[in-house]
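Structure record follows, encoded as structure tokens.
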């Protein structure tokens with residue numbers, strides 16, 4: 001939700017108020033594309049929640065298929081553009097930067113959520129690491145297409161997001177065993193420290 005407001009504001013801040021940065025138009029389109037469907041979905045869900053729990057339609061599989069189609073079509077649109085002008089060395093550099101940024105975000109969120117004065121549980125920390133660093137194509141691509149509509153280098157601009165999304169899936173799958181073992185050991189340690197000490201007999 002913050003991205004819907006912050007993104008146009010950042011464009012206005014860095015690019016200035018001009019005809020190329022229609023702040024009101026961008027904000028209204030983002031609101032209609034992202035916020036309105038979400039609000040409608042939440043309202044409808046209140047009335048069909050019981051039916052959904054009984055029938056259990058395969059929304060998970062449908063969501064995965066739609067996401068896969070968005071990724072596939074975006075990749076096709078990006079790399080089918082003859083004006084993309086992205087050499088292999090530049091692509092490798094972009095991949096390295098994105099992996100570094102992703103790892104930095106995950107490390108910073110881990111440090112933030114495990115501070116001494118933090119009230120987060122180990123399970124909270126795991127959720128923070130994965131959720132707060134998440135950037136999905138389902139929101140990013142519509143935002144890019146609205147903000148940079150008609151821009152000839154739109155395909156080039158979408159490359160970092162196209163790499164970021166698979167990168168977070170890959171890093172997440174690689175880090176799951178390590179993070180899981182840390183969470184289990186931390187939870188056991190917390191349970192031991194919270195157990196009342198037996199009285200010492202004299």
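Glycine is treated like the rest: Cβ placed from N, Cα and C.
The signal peptide annotation in TrEMBL covers 1-20.
The transmembrane segment feature in TrEMBL is assigned to 30-48 (among others).
The transmembrane segment annotation in TrEMBL covers 60-80 (among others).
Sequence annotations record features per position, and here TrEMBL assigns transmembrane segment to 92-113 (among others). Same-chain residues lying 6+ beyond the ends of the transmembrane segment (92-113) with a Cβ under 8 Å from its Cβ atoms: 120, 124-125, 128-129, 132-133, 159-160, 163-164, 167-168, 171, 175.
The feature transmembrane segment is assigned by TrEMBL to 125-148 (among others). Sequence-distant contacts of the transmembrane segment (125-148) (same chain, at least 6 residues past either end, Cβ-Cβ under 8 Å): 3-4, 7-8, 11, 26, 29-30, 33-34, 66-67, 70-71, 74, 102, 105-106, 109-110, 112-114, 154, 157-158, 161-162, 164-165, 168, 172, 179, 183.
Taken from TrEMBL, the feature transmembrane segment covers 154-176 (among others).
Long-range contacts of the transmembrane segment (154-176) within the same chain: residues 71, 74-75, 77-79, 81, 83-86, 91, 94-95, 98-99, 102-103, 106, 130, 133-137, 140-141, 144-145, 148, each at least 6 residues beyond the stretch ends and with a Cβ under 8 Å from a Cβ of the stretch. Residues 1, 4, 7-8, 139, 142-143, 146 of the same chain lie 6+ residues outside the transmembrane segment (30-48) yet bring a C-beta within less than 8 angstroms of a C-beta in it.
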